[in-house]
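K.L.:
Got a structure here, written out as structure tokens. Questions coming.
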């Protein structure tokens, strides 16, 4: 892919200020797609004295305001239902859902299923290391200008990246599918590969997804008409949710031998109906098939190279220097601290207590229709109400969901999972998902509203990256804190019963107490016939700390700031086109 800088020098206007020429003019015409934005970026300095005089008279009025400027503006959003959209928008909405769905497949594995499977023989700290595999989504800002500026005009600005990235992802999943069973069996065990090796392979897959996401986010701004661009957030919600559902809920259900034996088998077997290697192989071929179809069946509108790589980095740096952008970045970095223990540890803690992957899969399976339906309605609500006010409602509800989750874990029945407890977990999970979906869709709609279409993917990726980073970087520390705050002691079994079929020593017998707070020591304790007694569960302590931090920051800083930012006009989120316009 080649690139060349075509940013023309800005023509000097008669009053000496520099107009911003975007390089999009061809034979004196502006492309229809960005005409409104380009006109906004021009310094309207008229060459005739009559026009200059009229402009001076207008600015001299007491009622003069840039909000009354007669120039074309970024379009407002229509309150349209999906079936009221133009057919072209409906088709492109479906394409976006498919592309986001593909992203959700490896993400659902990396952030959901695989940590649950690793929990059998890894500590929370080691799972915290594995959580680093999701970091590319939070770091994609650093290479998003390359994706925005480097592309082939023959293939298309977005397809130049989407096609090879999806092909690499498919090949990577095919290869990993042939090796993953052995890696899962040996990772973290004596003599086996370390968790860092497992993390590296999943880091690669998530890196591919993050890069594809940059291109898809930018494409979404032009695939949909400007008045319906807020549906891009709905497509992202529906697509990602469906992909993660397939890789998390459906996979865990059919991977679980208990689920398969209960619902599908007359004769119990010691394995599930689906293996991780088989699922990765299926996903790899799905990626390759969709990529081939996209290459031949979808034609991207032809555009020309405008900005070199460094031009885009300069634009990004200019966006980062906007005061309002700096404020929303700070909000995103601290907003998700209150939910980290609930999002990252509650499910693992339920499994630790004996909830079972089959029950976990059933819980998420029941939750999925609610998540899809709520994603669609949250998209509509973000148009009917102001997005960030809706986001604040979701924030408060999500803090309440974290408290409810801790209560749900604390009342785990001593006799095991009962129907009423399973129903309690399902209701708690639906409520938590409901608040999470509202926040996700609302903030995505807000990002789509304030993003500058002229710099497309870079602006959207900057906002989405910081938002993801706020939910990613604390998790590593939260998981380590759970182990740090946990106090547990392994005691010798006072009444060993060798006749019990469950009493099998696979390690030296426990003869003296030792700490079993981390998973490796707990396994050694149980293998040696000991009893691991927990004096203090770090999950409860860490969750309370997170919720308190979230509540205080929400009341004192986050809520007032986001409502203030939402009230700003769109020009407050644009780069100044000239020294004169920077005053307003």
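Glycine residues also receive a Cβ, built from the backbone N, Cα and C atoms like all the rest.
Unlike curated records, TrEMBL annotations are generated automatically.
Residues annotated as region 'Disordered' in TrEMBL: 1-30. Under the heading transmembrane segment, TrEMBL lists 93-117, 129-149, 161-180, 200-225, 237-256, 276-297, 390-414, 420-446, 458-477, 538-558.
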K.L.:
Take a look at 129-149, 161-180, 237-256, 390-414 and tell me which one has the most Cβ pairs under 8 Å to the transmembrane segment (93-117).
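P.N.:
Most contacts with the transmembrane segment (93-117): 237-256.
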K.L.:
Would you call the transmembrane segment (538-558) and the transmembrane segment (390-414) in contact, using three or more Cβ pairs under 8 Å, pairs 6 or more apart in sequence?
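P.N.:
Between the transmembrane segment (390-414) and the transmembrane segment (538-558), which are separate recorded stretches, there is contact, as judged by 3 or more close Cβ pairs.
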K.L.:
Can you work out which residues elsewhere in the same chain, 6+ from the ends of the transmembrane segment (420-446), have a Cβ less than 8 Å from its Cβ atoms?
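P.N.:
Hits for the transmembrane segment (420-446): 230, 232-234, 236-237, 241, 339, 342-343, 350, 355, 359, 362-364, 366-367, 370-371, 374-375, 378-379, 381-383, 387-388, 390-391, 393-395, 397-398, 400-402, 404-405, 408, 411-413, 464, 467, 566.
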K.L.:
Would the transmembrane segment (237-256) count as touching the transmembrane segment (200-225), if touching means at least three Cβ pairs under 8 Å and pairs must be 6 or more apart in sequence?
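P.N.:
Between the transmembrane segment (237-256) and the transmembrane segment (200-225), contact is absent.
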K.L.:
Return the stretch with the most CB pairs under 8 A relative to the transmembrane segment (161-180), choosing among 129-149, 200-225, 276-297, 390-414, 458-477.
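P.N.:
Of the candidates 129-149, 200-225, 276-297, 390-414, 458-477, 276-297 scores highest.
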K.L.:
Is the transmembrane segment (200-225) packed against any residues at least 6 beyond its ends, judged by a Cβ distance under 8 Å, and which are they?
P.N.:
33, 86, 88-89, 92-93, 95-96, 99-100, 102-103, 106-107, 109-110, 114, 130, 132-137, 139-140, 143-144, 147-148, 157-162, 165-166, 168-169, 172-173, 176, 183, 231-232, 235-236, 300-301, 448, 451, 453, 456-458, 460-461, 464
K.L.:
Which residues of the chain, 6 or more past the ends of the transmembrane segment (458-477), have a CB below 8 A from one of its CBs?
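P.N.:
Residues 128-129, 131-132, 134-135, 137-141, 144-145, 147-148, 213-214, 217-218, 220-221, 312, 315-316, 319-320, 325, 328-329, 332-337, 339-340, 343-344, 443-444, 447-448, 450-452.
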